[in-house]
Structures are given as C-alpha cells and as structure tokens.
Amino acid sequence: MDTLSIRRISRIGGALSLCLVHAFALCADMRGGASLRLRWPAALVAVVAAAVTAAAAAGHGDHNFHRDFDAVWGKGNARFRDGGRMVELTLDEQTGARLQSKERFLFGRFDLEIKLVRGESAGTITSFYICSGGARHDEVDFEFLGNVSGEPYLLHTNIFSDGKGEREQQFVLWFDPTADFHTYSILWNPHNIILYIDGTPIRVFKNNEAYGVPFPTRQPVHVFASIWNAEEWATQGGRVKTDWSRAPFVATYRRYNVSNACVWDAAGAGASRCAGGGGGWMRRRMDWWSWMTLNWVRMNYMAYDYCADRKRFPHRFPAECIIPIGRT
C-alpha cells in the first residue's frame with residue numbers, strides 16, 4: 001500500500017471515529033434528558049488524535065528547522081536535533097528564543113507539532129504564529145500560557161488584520177500538552193482562517209470584508225516559533241510570576257509542514273507559487289461537520305471569547321461578532 005493510500009485511510013478513519021463519538025454522545029444526552037452538551041470518551045479521543053497524528057506524520061515532507069528558519073532572537077537557546085528535524089527552544093533568566101521562517105507565504109496551511117514545557121511553567125509563553133510585520137500587520141496566534149504545576153495550560157488565540165487585533169479567544173485543552181506532541185495548524189485562504197488542534201477545528205475567522213471587517217489577503221507572512229517570559233500577564237492575569245529556580249524552560253517543536261502553501265516570490269513582482277496549484281486547501285471552508293465539531297469545542301473548552309465580553313464592549317460588539325458565523 002502506498003503512502004498516499006495510508007494517509008487517506010488514516011484521515012477517513014479519524015473522521016469516522018469522530019462521527020461515531022459525536023453521535024453516541026448526542027444520543028446519550030438526549031435520551032437521558034440532560035442538557036444538550038457533547039462529550040467525548042477519553043479513549044475515543046485518543047484514537048482520533050492518533051489517526052490525525054499518523055496522517056500528519058506521513059505528509060510532513062522534508063522540511064528542516066535548521067535549513068528553513070533563522071534564529072532571530074536568543075540564537076544560543078535554539079538547539080536543533082535529529083539533523084534539524086526537531087528544535088528545542090529554551091527560556092532562561094537571560095533570554096528566550098524565536099525562530100522566523102526564511103520564506104514568506106501568501107495563504108497556506110501551516111502545521112507544527114509541539115510538546116510544551118513540563119511541570120512548573122508559570123509566566124512563560126510558548127507560541128506558534130504567522131505574522132506579516134509592520135504597523136498594519138496581519139497575524140494569527142497560537143500562544144500557550146504556562147501555569148503552576150498541576151494546573152492546565154491556557155491556549156490564547158488572537159487574529160490581527162490590517163493592524164487591528166483584540167480578537168482573543170482562549171481554550172482549556174482536553175489533553176496534557178506536555179506529555180506528548182500534538183499538531184497545531186493554521187489554515188489561511190481567501191475565504192477564512194481556521195485553527196485546528198490534531199485536526200479538530202477550534203476557531204474560525206471568516207472573510208467578511210463585504211461587511212467592513214478587514215481580512216488578510218494582501219500581505220505575505222513569516223512563520224514564527226518562540227518561547228518568552230510574559231509574567232506580567234501570562235498566568236492568572238499576572239498574579240503568578242515566573243519561578244526562575246525552575247529554569248531552564250524547554251519547549252520542543254517538530255514536523256514543520258508547509259507543503260500546502262503559497263511561497264511569496266519578492267523577486268517576481270510579488271507573485272506567489274502554490275504547491276499543487278493551491279489544491280483543495282485554497283477553497284476549503286467549514287462544512288456542517290466542522291461546525292458541529294467547533295461547537296463541541298466552544299461548549300466544553302472555551303474559557304474566554306471577546307465576542308461575549310460585555311465589559312469590554314458595553315455598547316456594541318465588533319462587527320464580526322454580530323455577523324452570523326454559520327455557513328453563510
């Protein structure tokens with residue numbers, strides 16, 4: 001059986017497992033008369049995650065951190081392993097570390113496997129994001145806010161378009177992100193931006209330029225990975241500071257995948273070349289099943305949503321919060 005067939009079977013198997021889990025949980029809640037709240041048995045979640053991880057591993061390509069990235073900050077705290085296929089980023093009292101991709105991209109799917117800092121991680125932030133730079137920059141963030149030992153990480157996400165951010169959504173993860181690697185993905189095409197964890201959509205930001213909401217379509221981005229000290233706000237609103245006696249803090253990255261992305265060619269008058277001519281990822285939108293899964297995440301694991309914060313927006317929510325996010 002060839003690699004492509006294995007990848008297809010893994011993806012189909014993962015989708016079917018997800019479908020069965022949702023159907024089981026939904027029927028159980030309806031029969032029991034409980035409030036409609038979707039639940040996933042832990043064992044089946046593990047099966048789905050394993051299938052997605054296997055598919056990602058089969059298609060990670062030949063990307064290499066040492067070759068494809070520059071250490072633009074804290075070079076001595078970026079340690080390349082396994083011939084450059086893995087990198088450890090370290091935070092100590094002197095500095096953190098940041099990698100920046102050598103290439104820029106205009107649209108694409110960006111996948112990265114991360115294992116977060118184990119144990120005491122309060123005050124630290126481990127991140128994976130894309131950013132164009134400049135005062136009117138576009139940016140999409142995965143930021144993992146460290147915590148005291150035994151307390152869960154908080155995933156902080158944000159999306160900037162034309163320099164405007166403040167679109168924070170936060171999630172408590174349904175697994176231990178320090179025990180093993182998990183795949184975090186950003187899909188960015190002209191229709192929407194979708195954030196995934198192990199193939200499960202957790203957030204979508206649609207192109208609503210027709211309603212006056214800026215959407216990233218013109219500025220190429222670099223891919224970044226970093227670890228840094230943010231004790232003034234990262235953990236419990238800054239109440240818990242970084243315990244430097246626990247340093248160094250180490251996060252590990254592997255299987256960087258941009259096989260489905262459009263590389264920006266600055267020398268070619270701003271043209272971009274897309275793998276496979278763009279393929280299905282360039283046209284991908286949320287289907288009904290993706291919306292159902294996203295709602296499961298929001299119902300069970302969302303900790304903060306700027307679109308529901310009336311203290312910040314006492315008079316009127318931002319335009320993208322008012323526009324229905326369903327399949328329109």
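Every residue, even glycine, has its Cβ placed from backbone N, Cα and C.
Going by TrEMBL, these are the annotated features:
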- GLU139: active site, nucleophile (ACT_SITE)
- GLU143: active site, proton donor (ACT_SITE)
- 38-253: domain 'GH16' (DOMAIN)
- ASN147: N-linked glycosylation site (CARBOHYD)
- 40-59: transmembrane segment (TRANSMEM)
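Summarising the environment of GLU139 (active site, nucleophile), the number of other Cβ atoms within 10 Å of its Cβ, over all protein chains shown, is 19.
Sequence-distant contacts (6 or more apart, same chain, Cβ under 8 Å) of the residue listed as 'N-linked glycosylation site' comprise SER121, ALA122, TYR153, LEU154, THR235, GLN236, VAL240. Sequence-distant neighbours of GLU143 (active site, proton donor) (same chain, 6+ residues apart, CB-CB distance under 8 A): ILE125, THR126, SER127, TYR129, LEU155, HIS156, THR157, ASN158.
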